[in-house]
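Here is the structure we will look at, set down as structure tokens.
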Amino acid sequence: MGLLECCARCLVGAPFASLVATGLCFFGVALFCGCGHEALTGTEKLIETYFSKNYQDYEYLINVIHAFQYVIYGTASFFFLYGALLLAEGFYTTGAVRQIFGDYKTTICGKGLSATVTGGQKGRGSRGQHQAHSLERVCHCLGKWLGHPDKFVGITYALTIVWLLVFACSAVPVYIYFNTWTTCQSIAFPSKTSASIGSLCADARMYGVLPWNAFPGKVCGSNLLSICKTAEFQMTFHLFIAAFVGAAATLVSLLTFMIAATYNFAVLKLMGRGTKF
């Protein structure tokens, strides 16, 4: 078998939807977790530098930020493992579907995995194919563990609902920083607003970031404009935007996973001719 033919067979058996979704998932989670972690750190510095001089005022906020950062560590680890499992499940179900439709130009791993669903035969032994059959046996064992695509569909559906809430929550800091930036623009260009510059403020207490008895709790006028011009504010604002984009990319990847897995499961269930799940 030539190299070109081998590559062609691998491409035919590859689950492209799962591959794209996996890449998008890893990219989105990395963007969300990395940028979100640094954005929370930047927010902590801005609060303690400009909005409150008393540590007790923002002690609870710091504890919440640190808790969210630990959650981010766990989220990154979980999605790395779950994304790899979903990719393996994509190879598994795609190989089984192609075998049902009579397309045997699948990869060795795809054949090994699909054998656990369709009851296909194992490869014929030979000295030259010893390594190939070893890989097939490993994939066959993996297929027994992955042989519940309906459960993967259910778990992915529940995870998508949870991540939809995460996506909505990731928009909150973007909204707060955007409002602050808009206020700064009004201060920088007073001709665009009828309000006096001194009355234009950013109040962290209004968003529940600080308690109402925090002092000063808000920054107004030219002081607020100077904060908006700092590199810390600009970087934190853009990091939250990047984290929001990462959450959106992860949501799209989960939807892609769910659609592809549901389609493959439906095909196997309806056309598997006695397939057992």
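Keep in mind that glycine also has a Cβ here, set from the backbone N, Cα and C atoms.
Here Swiss-Prot flags Cys184-Cys228 (among others) as disulfide bond, drawing on similarity to another entry. Mapped onto three states, the DSSP output places Cys184 (disulfide bond) in helix.
Taken from Swiss-Prot, the feature disulfide bond applies to Cys201-Cys220 (among others), supported by similarity to another entry. According to DSSP, Cys201 (disulfide bond) is assigned to a strand segment.
The S-palmitoyl cysteine annotation in Swiss-Prot covers Cys6 (among others).
Among the features that Swiss-Prot reports, S-palmitoyl cysteine is placed at Cys7 (among others), with the record citing similarity to another entry.
Swiss-Prot lists Cys10 (among others) with the feature S-palmitoyl cysteine.
As annotated by Swiss-Prot, S-palmitoyl cysteine applies to Cys109 (among others), with the evidence given as similarity to another entry.
Taken from Swiss-Prot, the feature S-palmitoyl cysteine covers Cys139 (among others), and the record attributes it to similarity to another entry.
Look at Swiss-Prot and you will find Cys141 (among others) tagged as S-palmitoyl cysteine.
Per Swiss-Prot, phosphoserine is recorded for Ser114, and the stated evidence type is similarity to another entry.
Taken from Swiss-Prot, the feature phosphothreonine applies to Thr116 (among others), supported by similarity to another entry.
Under the heading phosphothreonine, Swiss-Prot lists Thr118 (among others), citing similarity to another entry as support.
Look at Swiss-Prot and you will find 1-10 (among others) tagged as topological domain 'Cytoplasmic'. Per-residue confidence over the topological domain 'Cytoplasmic' (1-10) averages 56 (mean pLDDT, predicted model).
Residues or ranges marked as topological domain 'Cytoplasmic' by Swiss-Prot on the basis of sequence analysis: 89-151 (among others).
Positions annotated as topological domain 'Cytoplasmic' by Swiss-Prot: 269-277 (among others).
Among the features that Swiss-Prot reports, transmembrane segment is placed at 11-36 (among others), with the record citing sequence analysis.
Counting only same-chain residues 6+ beyond the ends of the transmembrane segment (60-88), those with a CB under 8 A from a CB of the stretch are 15, 18-19, 21-22, 25-26, 29-30, 32-33, 36-37, 40-41, 43-44, 47, 113, 142, 146, 152, 156, 159, 209-211, 250, 257, 261. The transmembrane segment annotation in Swiss-Prot covers 60-88 (among others) and is backed by sequence analysis.
Away from its own ends, the transmembrane segment (239-268) comes close to residues 15, 17-18, 20-22, 24-25, 27-33, 35-36, 38-39, 42, 79, 86, 89-90, 93-94, 96-97, 100, 117, 149-150, 152-153, 156-157, 159-160, 163-164, 166-167, 170-171, 173-174, 177, 275, 277 of its chain (Cβ-Cβ under 8 Å, at least six residues beyond either end). For Cys201 (disulfide bond), the Cβ neighbour count at a 10 Å cut-off comes to 17, with all displayed protein chains included. Remote same-chain residues near the transmembrane segment (152-178) are listed as 32, 36, 39, 43, 82, 85-86, 89, 146, 207, 209, 233, 236-237, 240-241, 243-244, 247-248, 250-251, 254-255, 257-258, 261-262, 265 (criterion: CB distance under 8 Å, separation of at least six residues from the stretch ends). When the Cα atoms are compared, Cys228 (disulfide bond) and Cys220 (disulfide bond) turn out to be 11 Å apart.
Take the CB of Cys220 (disulfide bond) and look out to 10 A: across all protein chains shown you find 18 other CB atoms. Reported as a whole number, the C-alpha separation between Cys184 (disulfide bond) and Cys220 (disulfide bond) equals 9 Å.
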